[in-house]
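Single-structure report; data block below.
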């Protein structure tokens, strides 16, 4: 017999919600949550669907945060089975979004239904917030909803994000923060010319090399609490026409910083601009701010999560701020304590993405226990 959470996960995977499409996932979830007594508000913006579902009223407000969109699967022929036709083989569920993060979303729904059935008059507010714009541009999703909440004065005390945080076994890692992410696209101007006449040209590669070397060599900080040190990585460099006898007229450099709470995007931008100015480069520089870092210090949410996960796993979880970015970066500035708890992440964004059925079926009880410890 198929469990409720497994069936719901399969129903969600079967909806090919490649970002920013939702493909009906949130409508399915809203129907279930409405039937359980949640008030559901659809906050669509452009091509992005967002769902805000609440049960109860007043403080404290606990949000279960997730996304219904998935990354593209690539050629279906590379998969052992259709990425949008969920299939269980040898106790493992395969399909795009199984781990990231339709399994967590399904577990949120089942846990929320069970919680309000057992505690219909619970203190505070239990909320579910979902978007179809986490894997893409992340502009019209939770970023937009957070701005709306700020305008409304919507309080959020605690936020549990269902991102796949576990490494080897379910619950072995508790994410207590994330680094900020800042990207830059630098164009250094030179003067094109023949390689035999360098005195008539200005090679932007040669001009930029000392500045790039300084950027790469710089130790931005020594880390912060659970954070590794700030890192700058050059991801792309392009110059030239493809001919080996032409000095290029410009150099294009793409880079990204993952940074600790020692910094914010504005101060990093100022530091890098000052460095480029010291090297007297002629350049343009465009920035993209993906999100500021957030960190949840020791407090109620972190303590409860550590105790619940420790009891579940049989050992205290590792508490980490590693990995990429998540939508919690938009909720944390509202004053919320934020953590991330979810399934094993070994197969996310890969061909044959999967989750162990046993892990999936354990998730609702894990989330429900967290909710009960916080709201009852």
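Glycine is no exception: its Cβ is also placed from the backbone N, Cα and C atoms.
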Binding-site annotation, Swiss-Prot, Zn(2+) 2: partner of 135, 349 in 100, 157, 172, 327: 100
Additional site residue, 67, 194, 199, 206 [criterion: listed by Swiss-Prot with 100, 163 for Zn(2+) 1]: 67
Residues that sit under 8 angstroms from residue 134 (active site, proton acceptor) by C-beta distance, when 6+ apart in the chain: 19, 67, 69, 141, 142, 326, 327
Listed binding-site residues (67, 349), ranked by Cβ neighbours within 10 Å, top entry: 67
Least buried by Cβ count (within 10 Å) of the recorded positions 69, 100, 135: 135
Nearest-integer angstrom distance between the alpha carbons (Cα) of residue 349 (Zn(2+) 2 binding site) and residue 100 (Zn(2+) 1 binding site): 8
Nearest-integer angstrom distance between the alpha carbons (Cα) of residue 163 (Zn(2+) 1 binding site) and residue 135 (Zn(2+) 2 binding site): 12
For the Zn(2+) 1 site built from 67, 100, 163, further residues of that chain with CB within 8 A of the site's CB center: 66, 101, 104, 134, 135, 161, 162, 164, 326, 342, 348
Number of Cβ atoms other than its own within 10 Å, given for residue 163 (Zn(2+) 1 binding site): 28
